[in-house]
């Protein structure tokens, strides 16, 4: 019988650290902490953003809030008047209410029609056809021009008394008119211009359509679902997050419309204030009449209205927007 003996290894205790070793360890810890934390470099790169945020956004907003309670015309020091600007706005300024009426009509009519057209064209372009990219670019082109002054000038020429639109109507024996100079039709030329620039929501809808699962449509086709049924039962419910996103963006953009109204009306908001959109009226009060205090009050009312519409949209979205779980 053989017995195996195992040799036990006796470990010696580590030698005590010398002061130089301790300093080296502390130095390594600090260096590692700097590498993990990044030191001051991240703050250096973030500094321009913070300067822009506070200097170009937060401070001007707070300053305009203060000015909205003052009488300030750029020529004399601001004088505190309390709620006088807001009281005047709602009780003693008929042009303010004209601008509210024109802007609400512009938003209520242009946004739904623009989104409906954008969705319809996006569905037509959601096909794998030869040259489809060219068609998509062509439909998006008007939105690239945006609120350019040149586009508004061309629009004014098209719908003027001797414009191309009247020439088109003459082919059908219809007598035209100066659509820009008529208070009954001037605003609708602006609405038509807004609808014509449907490219941005169209691209967003097209991106959403590309993400829809094809197997759902194949199953619906096997079950005999018609195209209209597939649209209302499959496409539209699955697209509700995209619809919600477009609705919020287009409402905000419509409330802020300025350039077309300014150019088409030559800055007057006429005829009879029919094209006096809210942003145009704000501009006239601030930079034409130099009533900066009153213009600041107008700006804050617009901000609150846009924030209110956005909040209502977010609250209502809980009941009609469907997200994948």
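All residue numbers here begin at 1 and follow the chain in the order shown.
Placement of Cβ uses the backbone N, Cα and C atoms for every residue, glycine included.
Between the listed ranges 230-252, 253-275, TrEMBL ties the annotation transmembrane segment to 230-252. Transmembrane segment is the annotation TrEMBL gives to one range among 162-185, 186-209, and that range is 186-209. Checking TrEMBL for region 'Disordered' across the ranges 1-27, 28-54 points to 1-27.
Note on TrEMBL: of 82-103, 104-125, the range annotated with the feature transmembrane segment is 104-125. Of the candidate ranges 104-125, 186-209, 230-252, 295-316, 186-209 contributes the most Cβ pairs within a distance under 8 Å of the transmembrane segment (137-155). Only residues 6 or more beyond the boundaries of the transmembrane segment (186-209), in the same chain, are considered here, and those with a CB under 8 A from a CB of the stretch are 102, 105-106, 109-110, 113-115, 117-119, 121-123, 125-126, 136, 139-146, 151-152, 155, 159, 179-180, 235, 239, 241-242, 245-246, 249-250, 254, 257, 260-261, 264-265, 270-271, 274-275, 277.
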